[in-house]
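Participant: Okay, here's the structure, questions in a sec.
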Amino acid sequence: MTALFVDEYPAEARLVKAAFLSSFIAFGIGALFGIIQALHRTDIFRFIDSIKYYTVLTGHGVFLVIAFTIFFLVGLYQWAVTDSLERGPVDIRFTWFWYGLMAIGSFLAAISILAGFLEQPPMVLGAELRANVLFTFYAPLEANPLYYIGLALFLVGTWLAGIDWFRTWWAWRDENPGERIPLRTFMVLTTMMMFFLGSVGVIVSILVFILPWSLEITESLNPLLTRTLFWFFGHMIVYFWLLPAYLLWYSVLPKLSGGRLFSDPLARVVFILFVLLSTPVGIHHQYMDPGIAEGFKFIAMTNTMFLLLPSFLTAFTVVASMEHGARQRGGEGRFNWLQALPWRNPAFTGMALAGLVFAFGGFTGIVNAGMNINYLVHNALWIPGHIHAQVGTATALTLMAGSYWLVPQLTGNRLVGRQVALFQVVLWFVGIVFMTNSMFRAGLVGVPRRTAEPQYQGFEYDVPVGSMGELNAQLALGGTLLFISAMLFLVLMLLTVFNNDSEPIVDGTLPPALSGPEDSPQVLDNLRLWFGIAFALVVLAYALPLAGIVAQSGLFGQDIPPFPVSSEAVMYLEFGLDYVGALVT
Amino acid sequence: MHTSPAKLLILIALSLVILVEGRTVLAFFGINIPPLETALIGLVIIATLVIWAIRPLRGSPTKSE
């Protein structure tokens, strides 16, 4: 048994634990909002007004895909950098500073969202405290400025985290001249390069346009411009959620399988491809938007299809590593080696099942990315089906499974309820298949997403398989299984944290790859080169579309007032009347 | 036992997944299986898997032996 991470790096372990704690709190709240939505929109059990549904929906998105995933990412990446470079950060106070910024930002955004449940939200910064603007905060939907300030602080904290890891690597490089970047640190650095480049869009959108507009410093904005800047960031962020799972699949899963990573060079190529390709594809989220020429959308589609390449490379490398591990454990035959894998281990099983769902969800992503067929599923329930397969399982289930391996090393405590943990990851797998299957089928017949009331009066969906009642029941069943699974996970984590009188039975050492860094070309470690190419690709993909949008309506639009989202239905009415009046006149 | 409880759990989960997705695929070929029949097929599959899993291996000693 090797020394535990908490024994070798106690200061860093504290930071990782704090990040994981923040992540798990967000996960619990987000999961609660998820079950409320599943039961509400299927009309099986309702205990909130449909107006409040949008507060729940905003919270579900922000707490899960921003707070849960990114807090886990910074914790995991802090572990990965520290463990692979065998040194702590240059200044741990700076590390706590960026974590503090992220925590404060999350808190401000969280109270802005949760205040939406109040009948009379307080006035803050000259406006009602509320943020029912969903995860995408499309203008002219307007939240309280505090929400945007919170998001900005969170993003700044994440940037500083990346800078911190680069500083740590630079310090390590000075101490180890000529050494190749250790694989896990390479993954962290390339992920953050991708984030630096891709998050520029949303930072500009918030700081230059939306925040000043919400503070009434500027009177108008260009909704298509802010929306395009959001999606400049919005597809990159998908990979920001996914790459921590990749890190675990490439580094931990081969070890859990009983073997070693098949190819270090292939892993490096995959991460570089994400740096290059993840940002110049965002316009594929805007196929239905007017104001962007079809040619640019076609280019975005082509770029998106290239993104299949790193996913296929990953499928090959990870499965090859698992097969190698299984054969080390005595597995034989063309497929019988599968039986030799450690299915009793919840960390392994969770990651393997997450990978399986990722493959299936990836194919649904091809549907989303195709311009013609996207028109069929756009804004339909198909899209949440895809998101729940990818972020909600490939990422979330991998992170939960990874926690079963990592948290004992961070706490020095033995994992409580190993068999329950196995049941939990399998339950998640079954739950997600029930839920996403119904979402995909409902989406194909046009059932909309993002609404509390998907059933319209006097209208019946032409469901080709089963009935709407059956689809709703299946969605609610899947959502309930997922909620139970999420709560089981949190309970096991809580019990493990307090399981002080125990010794972990986990081995934290990670074996070297079968084909190591010595087999990969030196150019793969030239981070400046890859960042430069990625930057050029982004300019090629976005310069003309953005120029076209600004040329059409100006940087700040033409008299676009905010559309405050409030529980006061009369405000909707007033806006509607004003809009109709403007159209008539 | 023919397999471990962990593998049995995975097999049951995979069977449910294949049942749910397979039913959808069959519907695209005009073969519609109602929910009740699907649930019954699922129960039969699970029962078969459980019986197969707990059946003693040929040649293995029984409790009375």
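Glycine residues also receive a Cβ, built from the backbone N, Cα and C atoms like all the rest.
Heads up, TrEMBL stuff is auto-annotated, nobody curated it.
Among the features that TrEMBL reports, transmembrane segment is placed at A:20-39, A:51-76, A:96-117, A:147-166, A:186-210, A:230-253, A:265-285, A:305-326, A:347-367, A:419-440, A:475-498, A:529-551 (among others). The domain 'Cytochrome oxidase subunit I profile' annotation in TrEMBL covers A:20-524.
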Participant: Using a Cβ cut-off of under 8 Å, list the residues of the same chain at least 6 residues beyond the transmembrane segment (A:147-166) that approach it.
Facilitator: 66, 70, 74, 77-78, 81, 89-90, 94-95, 97-110, 112-113, 131, 133, 137, 185, 188-189, 192, 195-196, 199, 202-203, 206-207, 210-211, 214
Participant: Between A:96-117, A:230-253, A:419-440, A:475-498, who has the most Cβ pairs under 8 Å to the transmembrane segment (A:20-39)?
Facilitator: A:475-498
Participant: Would you call the transmembrane segment (A:230-253) and the transmembrane segment (A:475-498) in contact, using three or more Cβ pairs under 8 Å, pairs 6 or more apart in sequence?
Facilitator: no
Participant: Can you tell me which parts of the same chain pack against the transmembrane segment (A:265-285), counting only residues 6+ beyond its ends and a CB-CB cutoff under 8 A?
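Facilitator: For the transmembrane segment (A:265-285), the nonlocal Cβ contacts are 183, 186-187, 190-191, 193-194, 197-198, 201, 228, 231-236, 238-239, 243, 246, 250, 292, 296-297, 299-301, 303-304, 306-307, 309-310, 313-314, 316-317, 368-369, 371, 374, 513, 515, 517, 519-521, 524-525, 530-531, 533-534, 537-538, 540-542, 545.
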Participant: Do at least three CB pairs under 8 A connect the transmembrane segment (A:529-551) and the transmembrane segment (A:186-210), leaving out pairs fewer than 6 apart in sequence?
Facilitator: yes
Participant: Rank A:51-76, A:419-440, A:475-498, A:529-551 by Cβ pairs under 8 Å to the transmembrane segment (A:96-117) and hand me the top one.
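Facilitator: It is A:51-76 that shares the most Cβ pairs under 8 Å with the transmembrane segment (A:96-117).
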Participant: Quick one: find which recorded stretch in A:51-76, A:419-440, A:529-551 has the most Cβ pairs under 8 Å with the transmembrane segment (A:475-498).
Facilitator: A:419-440
Participant: So which residues does the transmembrane segment (A:419-440) touch in its own chain, when a touch means Cβ under 8 Å and the partner is 6 or more beyond its ends?
Facilitator: 38, 344-346, 349-350, 353, 356-357, 361, 364, 381-382, 384-386, 388-389, 392-393, 396-397, 400-401, 404, 471-472, 474-475, 477-482, 484-486, 488-489, 492
